[in-house]
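Notes for the one structure printed next.
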Amino acid sequence: MTLLVLLGLVSYYVGTLGTHTEIKKVAEEKVTLPCHHQLGLPEKDTLDIEWLLTDREGNQKVVITYSSHHVYNNLTEEQKGRVAFASNFLAGDASLQIEPLKPSDEGRYTCKVKNSGRYVWSYVILKVLVRPSKPKCELEGELTEGSDLTLQCESSSGTEPIVYSWQRVQEKEGEDERLPPKSKIDYNHPGRVLLQNLTMSSSGLYQCTAGNEAGKESCVVRVTVQYVQSVGMIAGAVTGMVAGALLIFLLVWLLIRRKDKKRYEEEERPNEIREDAEAPKARLVKPSSSSSGSRSSRSGSSSTRSTANSGSRSQRTPCAEAARRQGQAAHTYGPVGPEARSSEPKKAPHATLTKAENTPSTIPSQSRAFQTV
């Protein structure tokens, strides 16, 4: 009897451990995690189902449960509204459905089914694959003949490993899709390809493809190789145009400046008073011919008078001396009486000289040679 009781207890705790299953699925798609049992057929009222998730950090949380005739599927904020039982869990299919799938859904899922002291456990490892984001194609280097050029391609997101590959796009029939000769792949950076010693045949459209288990994305870039001489000519033309534009601008500016300066001087000249300006000089006006003639005649008459006066003075001196001598002789030896009075010397010449001396010499006021105007 005791042995039977012990056997009953052992059978009470006997359960089934499901196998481990690994599933890979692309993000934004739908996934179904399997879980099958037969514990709900005998007694449906005591059936309990529970799904647990252990994420990559080791944290465990309940995803969905069925207990006491109720389904609870809004237990986590991240998976709210995206998880549900895929089929009739009471009939033995407790598979979990997630849609749409997100990278945060990745981890280890555990399905627990209990009923009347019996249980079934199953494990599913879910790996969410993320498609590479659209890569960005770039060029690094000079697009001139004989130089080196690096093609660069990289996706910002996606499940590793991401494989990159470069090829030429066939734009015309017969074109080669392979990379030009002497091309090298940088294995440390798979998205980088070095094109050495560019030629005109290296020109074309190049495509980079980034791919992983979830899918592929690509981008394109155009390579246009130029002659060195053409580059120099273009640079010279651009420089000449810039220099010409600057010269024209400078000439226009100088003309405008000169015009403004001239207008300013014309407006300010009537009102301008300079402290350091010289006083106006007197102008010497040459007298007219009539004035010159009158002044010449006056000068001639003045000269005549001066000559006459000088002659009178020269004649006056001997006459005066002779009269003085005659007076002295008469005074010494002259007779007394009428003869003496009759012999008295005449004073006419002296009077004439005196009158000549006393004649005034008038000079007209217009005798000045120049007038100040």
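Cβ atoms are placed via backbone N, Cα and C, with glycine included.
Curation plays no part in TrEMBL annotations; they are all automatic predictions.
Residues or ranges marked as compositional bias 'Basic and acidic residues' by TrEMBL: 263-281. Marked as compositional bias 'Low complexity' by TrEMBL: 288-314. Under the heading compositional bias 'Polar residues', TrEMBL lists 355-373. Look at TrEMBL and you will find 29-116, 135-224 tagged as domain 'Ig-like'. Annotation comment: TrEMBL describes 263-373 as region 'Disordered'. For 1-18, the entry in TrEMBL reads signal peptide. What TrEMBL lists as transmembrane segment is 231-256.
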Which numbers of helix, strand and coil residues does DSSP report for the domain 'Ig-like' (135-224)? 3 helix, 44 strand, 43 coil
Can you work out the mean pLDDT of the predicted model over the domain 'Ig-like' (29-116)? 90
Tally of helix, strand and coil residues over the domain 'Ig-like' (29-116) according to DSSP? 6 helix, 38 strand, 44 coil
